[in-house]
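Undergrad: Encoded as structure tokens, here's the structure I'll be asking about.
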């Protein structure tokens, strides 16, 4: 699938499953308690995050998908905290409130980026009335849903998931399952089931080879009538079995792994969102793999925007050491170029509508060194700087046009309002800005100069500006 700016905003996905509140107490430790041989943590901050199925819903919302979340919570303050976290992100919460169960809460005490202890507040109660109440809400939500995700953490919400899958099938809504436990028959009839390797081998037994895994996966898919089965294998990548097609394998997209927290939630969220857009399992798996590779390279539970995901896929489709590269991949190429004695020039901007003034400016900038980098503001960054009607052209279109300019070697992107972070990350040899700047007012100039680089101010060609073009065209 060629990279395209995926528009998830007209899609609605229903998430059903075990919702949790992840709570973090952060503080310093400097002494041992006189009461027991344990550290004393002086709590300085408290952080609340959606967890479990709620994290899946949050990930979808950050992709730009319209999301409804259904789950069981207690009639307590933590349920209200969780709902506020989610609703602030645009998630519609349809919680079933229990008078006898608490909201599942996992409290982690953290100090110096290390977890000292985790306290779990949870109880399980499989009741007919709870299952019926849940089914009623799901049935109400299905008609407006493009897909449903069942996020099972074996905490009791999906005790009767088979009935919910039957409801989704009756409504002709595809269902995607992130499973748990040692009985996958409860997921019979689902569209796609996504176990990790450990969960898969719990069902089928240890697999001594990829061939054996594929054979067992094929048999399991056929046994339970799934259209597709996706086995995630960590550093060994993913394997997809769908319909009567040959197994489809992908190597992991992760280059560095800092934290796998929430990676499975990211996979099922992106997988489902892309599938409802493309209707192709392979496309969905390719995007999900890249998204997982991105989030495991971040500390803590991370998510990914549609814009960043599309930029990553755009770069991947070009598969070259020049052109559009992520900041991390670009840094590798810069180091190689500098080892070869090449001087790296950097400039940045929105470049919403490329005009002759831009082209002349790029030629001047390139003449100051051997390689020219152009860093582009993402769409969200442009909106913050220029207003809600901008950009006229989305990030992928802007980078694609810049990539075709002969004087430009590399194109990358940044999310922030200023290029300070990306300049400090890449540390070019020459920093260039156009217009009425002075060196003292150029963002990142101090960093480049401190590292022995140069800062240059170029004059723009008179008579050209993006704003005047937009005004003339009444855009």
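Cβ coordinates come from backbone N, Cα and C, glycine included.
Pulled these from Swiss-Prot:
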type     : residues           : note
ACT_SITE : 265                : active site
BINDING  : 196, 197, 198, 199 : ATP binding site
REGION   : 1-320              : region 'Ribokinase'
REGION   : 346-475            : region 'Cytidylyltransferase'
Undergrad: Could you state the whole-number distance in Å separating the C-alpha atoms of residue 197 (ATP binding site) and residue 265 (active site)?
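TA: Their Cα atoms are separated by 15 Å.
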Undergrad: Helix, strand or coil by DSSP: which one applies to residue 196 (ATP binding site)?
TA: strand
Undergrad: Of 197, 198, the binding-site residues given in the record, which has the fewest other CB atoms within 10 A of its CB?
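TA: Least crowded of the binding-site residues 197, 198, by Cβ count within 10 Å, is 198.
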Undergrad: Whose Cβ, among the recorded positions 199, 265, has more other Cβ atoms within 10 Å than any of the rest?
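TA: Selected residue: 265.
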Undergrad: For the recorded ATP site, enumerate neighbouring residues of the same chain (Cβ within 8 Å of the Cβ centroid of 196, 197, 198, 199, site residues themselves excluded), in sequence order.
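TA: Same chain, not in 196, 197, 198, 199, Cβ within 8 Å: 195, 200, 201, 202, 231, 232, 233.
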Undergrad: Can you tell me whether DSSP puts the residue listed as 'active site' in helix, strand or coil?
TA: helix
Undergrad: For the region 'Cytidylyltransferase' (346-475), how many residues does DSSP put in helix, in strand and in coil?
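TA: For the region 'Cytidylyltransferase' (346-475), the helix, strand and coil counts are 52 helix, 26 strand, 52 coil.
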Undergrad: Return the residues near residue 196 (ATP binding site), defined as same-chain residues 6+ apart in sequence whose C-beta is under 8 angstroms from its C-beta, sorted by sequence, else 'none'.
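TA: In sequence order, the residues whose Cβ lies under 8 Å from that of residue 196 (ATP binding site) (at least 6 apart) are 231, 232, 233, 234, 264.
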